[in-house]
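See below for the structure under consideration.
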Amino acid sequence: MNNQNVDDHNLLLISQLYPNVYTPLVPQQGGEAKPTRRRKRKSKSVVVAEEGENEGNGWFRKRKLSDEQVRMLEISFEDDHKLESERKDRLASELGLDPRQVAVWFQNRRARWKNKRVEDEYTKLKNAYETTVVEKCRLDSEVIHLKEQLYEAEREIQRLAKRVEGTLSNSPISSSVTIEANHTTPFFGDYDIGFDGEADENLLYSPDYIDGLDWMSQFM
């Protein structure tokens with residue numbers, strides 16, 4: 001029994017000195033063995049995540065720019081939206097920034113600039129559309145008004161035409177014109193004019209118009 005106690009004591013001492021090498025089973029009062037609790041080691045993914053958070057916190061502190069640095073970057077961005085490697089290094093050196101920080105700032109600034117262009121274009125198209133809709137409504141209203149005027153003008157023309165027709169049918173002038181049109185105008189055959197030797201006495205000639213009758217000589 002003494003030897004067993006010594007062995008257990010030695011194993012317990014070894015497990016305490018080297019917990020990762022050997023984990024003994026410590027007997028409990030009921031005779032059941034209970035494994036000792038080992039400390040969990042962090043996985044590589046957890047370690048990398050923590051390191052990334054630490055680096056991210058440091059990078060966040062580096063991203064804070066002064067008003068003068070932002071103003072100089074804005075001026076450089078207005079000159080050219082693209083950022084070449086040489087220009088990036090030069091700006092970083094002049095402003096005392098990290099080249100990667102300058103590149104990230106330009107990338108974010110270009111994204112905001114593109115979004116602003118899209119918003120401006122959308123606003124312009126929206127205003128043009130609204131103006132077109134208003135103009136279309138105005139033209140539609142004008143067309144309706146012109147159609148009403150045309151309809152009233154056609155009705156007025158019809159009323160005037162009926163009035164003129166009724167006036168002409170009841171006018172005494174039109175009746176006399178109709179009677180005179182039916183009366184035959186007398187000519188030489190209606191008069192007793194002889195064509196013997198006395199014909200010259202019954203006809204009167206005007207010397208002023210004798211020359212105008214030369215064209216009848218071809219029929220005589």
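For all residues, glycine too, the Cβ spot is worked out from N, Cα and C.
According to Swiss-Prot, the protein carries these features:
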DNA_BIND  58-117  DNA-binding region
REGION    26-48  region 'Disordered'
REGION    118-146  region 'Leucine-zipper'
Check: What does DSSP give as the helix, strand and coil breakdown of the DNA-binding region (58-117)?
Finding: 49 helix, 0 strand, 11 coil
Check: DSSP says what for the region 'Leucine-zipper' (118-146): how many helix, strand, coil residues?
Finding: 29 helix, 0 strand, 0 coil
